[in-house]
Amino acid sequence: MGSLRVSTFAVAVVVCLSILLMSPTDGRRVCDSAAGLCSMLFSCNTQCNSLGRNFTGGECSDARFPGLSVCYCCHNVESSAEMESM
């Protein structure tokens, strides 16, 4: 009975790993386009979405001056494997 449990567990692990390896992976998210100053994440997302350039939101990051934050708009970058297939 113990060997049946071990083999069932091994099959489950193989199936899970196969699904994970075969599922498409999205590109990574890069936030590198400055879009002005922001005070909170909500305002930064609004700024980036209003630009309408396929941005997926934005992030407020601290500037070098105290009390100031810079809004960086984010976009998805495709993985290198997807770029090579194009």
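Cβ atoms are placed via backbone N, Cα and C, with glycine included.
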Quiz item: Can you tell which of CYS31, CYS38 Swiss-Prot lists as bonded to CYS74 through a disulfide?
Solution: CYS31
Quiz item: CYS48 has a disulfide partner in Swiss-Prot; which of CYS71, CYS73 is it?
Solution: CYS73
Quiz prompt | Distance, CYS71 (disulfide bond) to CYS38 (disulfide bond) (CA atoms, angstrom) | solution = 6
Self-check item: Fewest-neighbour residue among disulfide-bonded residues, criterion Cβ within 10 Å, set CYS44, CYS48, CYS73, CYS74
Solution: CYS74
